[in-house]
Amino acid sequence: MEIRGALDLRKRQVLIFLVLLGLSRAGTESAHYSVAEETEIGSFVANLARDLGLGVEELSSREARVVSDDNKKYLHLDLLTGNLLLNEKLDRDELCGSTEPCVLHFQVVLENPLQFFRVELRVKDINDHSPTFLDKEILIKISEGTTVGATFLMESAQDLDVGSNSLQNYTISPNSHFYIKIPDSSDRKIYPELVLDRALDYEQEAELRLTLTAVDGGSPPKSGTTLVLIKVLDINDNAPEFPQSLYEVQVPEDRPLGSWIATISAKDLDAGNYGKISYTFFHASEDIRKTFEINPISGEVNLRSPLDFEVIQSYTINIQATDGGGLSGKCTLLVKVMDINDNPPEVTISSITKRIPENASETLVALFSILDQDSGDNGRMICSIQDNLPFFLKPTFKNFFTLVSEKALDRESQAEYNITITVTDLGTPRLKTEYNITVLVSDVNDNAPAFTQTSYTLFLRENNSPALHIGSVSATDRDSGTNAQVTYSLLPPQDPQLPLASLVSINADNGHLFALRSLDYEALQEFEFRVGATDRGSPALSSEALVRVLVLDANDNSPFVLYPLQNGSAPCTELVPRAAEPGYLVTKVVAVDGDSGQNAWLSYQLLKATEPGLFGVWAHNGEVRTARLLSERDAAKHRLVVLVKDNGEPPRSATATLHVLLVDGFSQPYLPLPEAAPAQAQADSLTVYLVVALASVSSLFLFSVLLFVAVRLCRRSRAASVGRCSVPEGPFPGHLVDVSGTGTLSQSYQYEVCLTGGSGTNEFKFLKPIIPNFQVHDTGKNMGEIENFRNSFGLNIQ
C-alpha cells in the first residue's frame, strides 16, 4: 500500500508540473495600461480583446473575467465590446502612497480551456493635493550670539502627490535676517533649513514672525503655508548631543499599547536653563505621531497605537533634543516591526459552480486564490481538501488554485459533496482557514426503471365488474426529477390471439391494473402479458415485467344432468327384475358441473321416491341401487327424484327424475361386443378363436335365458294380472341400461330397450346396441317399437 501511495503521489506531482509548465507559458503574455487617478467610473482604459488577440465572441463564450491581486474590482470587462472600463475612481495616493510608479496587477481569466493573462495598470498621479504643514506654527529659539550662516531645521510640509506634482520648493517671506536653504538628502526628500544671513540682536528685535511657504511642481502649482515664530535668546553656546546618531530597536507587532519602545538621551554641557533638554519628534509623519509618543523630559518612546507588520514594516523616527537656550541636536530611531503569525490565511473565490452533471469528468468546480498577510514562514501556506473525495486541487500560478472533479460522479451513490478547502500557514502556532463548498450532482438519465418484481401473479374472480382494480405493478427509478418519473404501459402480447386491449388496462401514472370486462373462468382460466415502465428522461429508458392473471372460479354453474336426459320429453324407464338382490345397480345418474375445484365436486342424494327405502343413491358416484329385496307387494312402477348438488358456496343443484319398472323374471341380456376397430381385426388367429368360442358360449347362454323368461311369462299371464307401469300414452321412449356390473357408463355396454303391452304374449324385444348419446329419439320409431312390444307380449301398459 505504501508503494502504491508513493506512485500515486509521484503521478500527481508530474501532472501538477506539466500543468504549471503549460500555465507558465500561457501566462507570460501581459498587457500594460495606464490611467490618471480620479478618472470617472466607466471610463475607457483599453480594448482588451484586440490587445490579447481574442475575438469578442470568444471572451463571452470562455467567460472571461478580471481578477485583481487584492480581490478588489477596480476594473470591469465588457464582454459585448471587449473594452476594459474603470469600475471605480482610483486614488493613487490612497492606493500606493509615496510608492512610484503605482502599478495595479490584474489577471484575465479565461475558461474552456483555462488560460490566464497578466495585466498591469499604472495609475498616474495628478496634482490634486496641496502641500500641508502638520503644525500651524513653528517656534524657533535662536540665541543672539548665533553666528551668521547657522542653520536651523524646520518641519517639512507633506504632499501626498508624487513625482513632479510632489513638494518641490520652500520660500520664506521677505526679511533681513534669514533665507531658506534646501540641503541634499539621501532619501531624496526636501527639508527646509532656515539659514541666518544677518546676526540677531535680542535688544533690537526679540521676536520675528515669518511665513514659510511650500510649493509643489504641479501645473498650476499648489502651495501651503505655516507661521514661523522666531524668538531671540540670550547666548547659549552648547547644543545637546546624542551618543549615537542612529538607534535601532525590534518590536513585535503584538506589543501592547503603552509599552516602552526605547529611551533616547542627549547631553548638554551648558548649565542652568541652557542645560535642560526637551525631546520632540521632528519631520514626523502623521503615522508616526499616531503610533508613537515621546516623553519630552525623559526621552522615553512609548507605543500609542497597535503595530501591524502587514501595513508598515518599519518606522524611521527623527528625534530632536532642544536645550533651554534653543540649541538642538538630532538622532534617528529606527523601529523595525517584527512579524508574528497573527493573520490567518484568506480564501477568495473568483468563480464557483455549485452544480455539475454526474457524467462529466474533470469539471471545474471553483477558481480561488489564497493570501496570508504575514511574512516568511508565517505567510507560506499549504492548501488541501479532504481525502477520499473525487475532487482534487490544481495549482495554477502564484496563489491561484482550481478545484476540479477527478472523474465522472454517480448521483445515485452520492448526490451532494461537502468540500472543505483548508489553508494552513507554516507559522507558530499554525493558523488555518476553512472554506466550505457544497457541490450538488445533477442527475443524468443513466438508470432504467426497475420493477419491484420480475413477474407478478394476480388473482381475479370471474364475473367481476368492469373497471375492477385487480392489482398493481410498481417500478422505481434511482434517478431524480423527470428522469425518475415512471410511465406504465401494456406491451403487445406475445400471443396474437389474446385480446389484451379488451381485457385489462393500466394507469400510466401509478401502475394500477383494471379489468375492462367481466371474465368467465369457463372461457378463460388464465392469461399473461408484459407491462413496461418508461421514464421521462432523454433518451428515455425502460424495463418490463411479466404479469400473470389467474381467473378464480366462482360457483356460477349449476350441475347439468347428462343422464338421464331432463329435456322435457317422455322420461326413460329403467327395468328392474323383481328377483334383484339388494345393491342391484338400477342405473347411474351422470352429471357434470362447468365450474372447477370444489365448485365442481358433485354429491347425489335421493330427494323423493314412490316407496322410500326401496332404492338408494350413492352420494359420490350417482349410482342408483336397490336397498333391499323386492317383493310381490312392491308397486310395479316407481318414480325417483335424485338431487345433484355441487360443493360451492352457496351450493347449486339440479334434479334428475327416474322411472323404474319392476319386471318379473327379467334378467340382464347378453349381447355381443361391438365390432372391434380395423386394427384389432388383424389380431392373430388365437385371438380370433377365443372370440368365436366366447361368442358361441354367450349365444347359448342368452338363448337359455330367453327361453326361461318366455316360459315364465307364459305361466304368469294366466295366473296374475298384467302389471302396470306409468308409461305415458304415446310412444314409449328408449332408455339406456348399464349391464357392465361396474356402475360406470364409460365402461359398459348400453342397449335400447322398449317395452310395450297389448299383446297376448309376454316377451321382450331387444334392439341393436347403441352408442351413448343424449339426443331425443325419433317419436315415430318409438311408437312402432311400442306397438311391436304390445303385439309380442300382449301387455296393456297404461
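For all residues, glycine too, the Cβ spot is worked out from N, Cα and C.
Bond annotation: of Cys96, Cys331, only Cys96 is listed by Swiss-Prot as forming a disulfide with Cys102. Between the CA atoms of Asn418 (N-linked glycosylation site) and Asn567 (N-linked glycosylation site) there is a gap of 86 Å. For the recorded site, Cys102 (disulfide bond), the DSSP three-state label reads coil. Counting residue by residue with DSSP, the domain 'Cadherin 3' (247-347) contains 10 helix, 46 strand, 45 coil. Cβ neighbour count within 10 Å across all protein chains ranks Cys102 highest among the disulfide-bonded residues Cys96, Cys102. Under the three-state DSSP scheme, Cys96 (disulfide bond) falls in the helix class. Here the C-alpha separation of Asn436 (N-linked glycosylation site) and Asn169 (N-linked glycosylation site) works out to 56 Å. On a Cα basis, Asn169 (N-linked glycosylation site) lies 23 Å away from Cys96 (disulfide bond). Annotation for Asn169 (N-linked glycosylation site): same-chain Cβ neighbours under 8 Å, separated by at least 6 residues, are Ile182, Ile190, Ala214, Val215. For the glycosylation sites Asn359, Asn418, Asn436, Asn567, the largest tally of other C-beta atoms within 10 A is found at Asn359.
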